[in-house]
Amino acid sequence: MTNATTRPASDYPPGGDAFRHRHLTGIAQLTPWEISYILDAAEQWVDLNRSGAAKHDDALAGLTIINAFFENSTRTLLSFEIAGKRLGADVVNMHAAQSSVKKGETLIDTAMTLNAMRADAIVIRHSASGAVQLIADKVDCPVLNAGDGRHEHPTQALLDALTIRRRLGKVEGLTIAICGDVLHSRVARSNILALTLLGNEVRVVAPPTLIPPAMERMHVATFTDMDEGIAGADVVMMLRLQNERMDGAYLPSAREYHALYGLTPQRLEKAKPDAIVMHPGPMNRGVEIDSSVADDPARSTITEQVEMGVAVRMACLDILTRRTRKVPGWN
Ligand code: CP
């Protein structure tokens, strides 16, 4: 598919000047141009993954990637594992529940242990905002943020941007409503950063208790009325209610939340007729989204988001290890 925001390779500076970061800790560190560079790089992996014939590339052969997940995950953990393996790397997963973290080892000591094993890249998910940066500052190899607390989930925002670009032909000049538990969502934060940087109008739609303070500083409009918030939107991005991060009464009940903020077929009619529906997963069906919407292939991109997750993570692993692999031009 031709994408309006895809640039020809000749538009990028050569080699390492195309992407100067050692780590991927957040979208906040990236320019719009760098985001497009990753999305363009991911396109080739979409094609390879769909080809069914050559499932592997040996670009990362001989490299070891450690996935260190201190929080549960299905999509992110497995897609980073598949991404590394499809590029020929050795991938090992560290689950915190089975690690020495359970014996009281500190995060820094765990990071130093992983570093001593001479990993070529470390992918980290942690419940504390800033934990990934802390580790990135201590280790010698590239670190990729797989979600840290309420802070950022950069590869989720990148895969969401790629999904939008492929479905709608562009990821600029769109009206995008991000709806639900914005307060606790690192997905919302990374998407707001990415989608505003790329030149979209981003709206946040949530009950007053689930809207973070000072949203205007992130250049978004806030709505507490769902029908108003999604009116005329090209993209309706639903968020999971993150009950595990709620330490108080943010909502009267799941039933009332669904009545006011759940995405039903009737409510979706307020958006543009061809609006797409997104959800990062895992979903609370019947709470933030009805199954009839989530499972409608004409509107829902939820499984496509998962597919794009593998391609985007292949692109990120490839780009961030180019200096280690001494790819010409990447010093
Ligand atoms: N979207 C997402 O991060 O899902 P997982 O928690 O399953 O990785």
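Every residue, even glycine, has its Cβ placed from backbone N, Cα and C.
TrEMBL lists ARG75, THR76, ARG125, HIS153, GLN156, GLY281, PRO282 with the feature carbamoyl phosphate binding site. Non-local neighbourhood of GLN156 (carbamoyl phosphate binding site): THR76, GLY147, ARG186, VAL187, SER190, ASN191, PRO280, GLY309, each in the same chain, at least six residues away, with C-beta under 8 Å from its C-beta.
Positions annotated as L-aspartate binding site by TrEMBL: LYS103, ARG186, ARG240. Cβ neighbour count for ARG186 (L-aspartate binding site): 24 (other Cβ atoms within 10 Å of its Cβ, all protein chains included).
Across the residues of the domain 'Aspartate/ornithine carbamoyltransferase carbamoyl-P binding' (22-165), the predicted structure has a mean pLDDT of 93. Residues annotated as domain 'Aspartate/ornithine carbamoyltransferase carbamoyl-P binding' in TrEMBL: 22-165.
Annotated domain 'Aspartate/ornithine carbamoyltransferase Asp/Orn-binding' per TrEMBL: 172-318, in sequence order.
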Same chain, 6+ residues apart, C-beta under 8 Å of the C-beta of PRO282 (carbamoyl phosphate binding site), given in sequence order:
THR74, ARG75, ARG240
When you put LYS103 (L-aspartate binding site) at the centre and draw a 10 Å sphere around its Cα, which of the binding-site residues ARG125, HIS153, GLY281 have their Cα inside it?
none
Out of ARG75, THR76, LYS103, ARG125, GLY281, which binding-site residues have CB atoms lying under 6 Å from ligand 1?
ARG75, THR76, GLY281
Just jot down the residues in the same chain as HIS153 (carbamoyl phosphate binding site), at least 6 apart in sequence, with C-beta under 8 A of its C-beta; none if empty.
THR76, ASN145, ALA146, GLY147, ARG186, VAL187, ARG189, SER190, PRO280
Please give the maximum pairwise Cα distance, in Å and rounded to a whole number, for the L-aspartate-binding set LYS103, ARG186, ARG240.
31
Inside 10 Å of the Cβ of ARG240 (L-aspartate binding site), count up the other Cβ atoms and send me the figure.
20
Whose Cβ lies within 8 Å of the mean position of the Cβ atoms of ARG75, THR76, ARG125, HIS153, GLN156, GLY281, PRO282, the carbamoyl phosphate site, other than those residues?
SER73, THR74, ALA146, GLY147, VAL187, PRO280, GLY309
